[in-house]
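Have a look at the structure below before the remarks.
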Amino acid sequence: MADPPGCCSACATCLLCPYSCQWITAKKEKRKGLRTTKYDCSWFFFLFCVFLFTLVWLYFAIIILNDFHNFNEFIFRQRKLWLDWSLVLLIATAVLISYSSVLLVLALCLQLCGQPLKLHWVHKVLLVLTVLVVAAAFTGLGIKWAEEWKSARISLQATGPFLHIGTVGGMTLLAWPLASFIYRTRSTGLRVFLLLVFWAVMIALYLAPLGITSPCIMEENQLPPKPALIGHRGAPMLAPENTLMSLHKAVECDVQVFETDVMVSADGVPFLMHDEELTRTTNVQAVFPERAALNSTAFNWTDLQQLDAGSWFLERRPFPTVQSLSPGDRKEAAEQRIPSLEQVLEAAKQSNISIMFDLRPENHSDYQNFVNVTLEVILKSGIPLQQVLWLPDGFREDVKQQAPGVQHIYGRKRLENEEPGLHINLPYQDMSSEEIRQYRQDNISVNLYVVNQPWLFSVLWCSGVSSVTTNACQVLKEMKHPIWLLPSSTYFMIWIVVDCVSFLIIIWAFVLMK
C-alpha cells in the first residue's frame, strides 16, 4: 500500500483500541510496520456480510411484530409460561446489529485514516457466533413460522421504495472508504475487481424500481374506501379478550363486527372462549387445580361462572397498552367473568354491532349438538340474523335451513363459477393485492386477519380489501389515510433524482479522494 493520507495520532489510537483490542499509538503502529493484509481484508469483508445479515434479520424482526402475539400464545400453550417474547427478540436483535454496526464504522474510519485493519480474535469469534445465532433464528422461522416469509414479501410493498432510497444512500456513502482503499492499494487486479463489483451493485440499485410494485403507488382519487374494522376477540389491547368489556371497548373503537370464539359447556350453555383449556385467560388453576388441564367444554356453566376472566390481563400484560389503562378500566377488567353467548348477543343487539364467531372444537364428537344449541340461543336472542356472521364449516347446510337470515363467511377462496356476493375470511398472507382487486371488482367481500400494524393496514387499504380483523382497533381507527400514497409520476421523479444525486456524489468522492 502507499503511505496513508494521515490522521491525528489520538484519533488513530482511539480507533485502533476497540477494533484491535490493543492500545497501540499511531507512532508505535508505524514502527512495528503493521499493515492491512489480504487476510485482514477477508475479515473486513466477513464483517460487512455479518452486518448485512443482521440488518436483514432486524427487518424481519420488525415485520413479524404484527403476528408476535400468536407466538406468545403458542409458547404459553407449550410451556405454561407467559412472557412478551417480542421484547426478547428486539433486545437481542438490537445488541447484534449494534455490535456489528460499531465494528463496521470503526473499520471504515480506520480505512479512511490509513490505519491497519487488525481485527482482534475476540471480535472474530463473536462475529462467527453472531452469524450462527441469526442463521438459527432464520432456520427456526422457516420451520415453525413459515407463513412469515409471505409477510416479508407483503411488507416490501410498503417499504420497497424507501428501502431502495436507503440502500442507494448507504452504498453512496460506502464510495468514500472504497475510493480511499482503491487509490492506496498497489494491486491493479484488486482495483478493477472492486470497481466492477461496486458499479455492478450500483447499476442494479439504480434500476431496482423497475421491479418494485406497490398498491400504494396510485393517484389519490383511485384510493378505495377505508376497510371496516373487525375486533379480534373484541379489543384485546384495551380489555381482556372475549369479555363484555372487550366488546364495549370495540364498540368505542367504531368496530363494525365483534369476532369471537364459542364453546359449549358440559350442560349445554354456549360461552365465549378461544383456547381449548382455560389456563391462559382464567384463574382455573386456583379454583379447580385438579381439573385445570381439562377441555373447556368439560366444565358446566355453574363452574365457569366462578372463574375470574380478567385479572390475568392485568398480571401478564399481553400487550404494552395494558400499562396505560385508567384506574376505572383496571377495576372493570379485574371484575370480568366468562360471558355466555346469550349475554354477548344481547350486548351486540343493544350496541348495533355484528358478531362473527367460530364454534370450537370442530373435532368434538358432539359437535352437531353444539351447532343446534348455538342456533337455538341465536334464534331466541332476538338479534337480527343479518348481524350474525357464521364461520364454522361443519353442518353449514343445516344452519342455512334453520336460520336462513344468518350471513355465512367462508374460510377459503372462491370456487370456479361461484356466484357473486360471497364473503370470505382468510389470513392476510393468503391473498395478493391482485386477487383482492379482482375480488372487489367481482363483488366478493374479503376480510383478512390479523392486521395490527399501520404499514400492513395501509397496503391492504390501497389494495381494496373490504375489512380487516385486528387486535389494535384503537390504532387503526385513528388512521384517516394510508401511511403513504404516491402518484406514479411523483415516484418516478423521486427515483430519477435519487439516482442522479447518488451518481454525482460517488464521482465526487472518487475525484476528491484522489
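If you go along the chain as it appears here, the first residue is 1 and each next one adds 1.
Yeah, the Cβs are placed from backbone N, Cα and C, and that goes for glycine too.
Keep in mind that TrEMBL annotations are predicted by a computer and have not been checked by a curator.
According to TrEMBL, the transmembrane segment annotation covers 41-65 (among others).
If one looks beyond the transmembrane segment (85-113) by at least 6 residues along the same chain, the residues whose Cβ comes under 8 Å of a Cβ in the stretch are 4-7, 11-12, 15-16, 18-19, 44, 47-48, 50-51, 54-55, 57-58, 61, 65, 68, 71-72, 75, 119, 123, 126-127, 130, 133-134, 174, 176-177, 180-181. Taken from TrEMBL, the feature transmembrane segment applies to 85-113 (among others).
Residues or ranges marked as transmembrane segment by TrEMBL: 125-143 (among others).
Annotated transmembrane segment per TrEMBL: 163-183 (among others), in sequence order. Tertiary proximity for the transmembrane segment (163-183) is limited to same-chain residues at least six positions away from its ends with a CB under 8 Å from its CB atoms, namely 2, 5, 108, 111-112, 114, 156, 191, 194-195, 198, 201-202, 205-206, 208-209, 212, 494-495, 498-499, 502, 505-506, 509-510, 512-514.
With a cut-off of 8 Å between Cβ atoms, the residues of this chain six or more beyond the transmembrane segment (190-212) that come close are 156, 160-161, 164, 167-168, 171, 174-175, 178, 181-182, 491, 495, 499, 502-503, 506. Among the features that TrEMBL reports, transmembrane segment is placed at 190-212 (among others).
Sequence annotations record features per position, and here TrEMBL assigns domain 'GP-PDE' to 227-480. Residues belonging to the domain 'GP-PDE' (227-480) score a mean pLDDT of 96 in the model.
For the transmembrane segment (492-513), the residues of the chain that approach it from at least six positions outside its boundaries are 161, 164-165, 168-169, 171-172, 175-176, 179-180, 182-183, 202, 206, 209, 486, judged by C-beta separation under 8 angstroms. Annotation comment: TrEMBL describes 492-513 (among others) as transmembrane segment.
Under 8 Å from some Cβ of the transmembrane segment (125-143) lie the Cβ atoms of residues 46-47, 50, 53-54, 57, 60, 64, 92, 96, 99-100, 103, 149, all in the same chain and six or more residues away from its ends.
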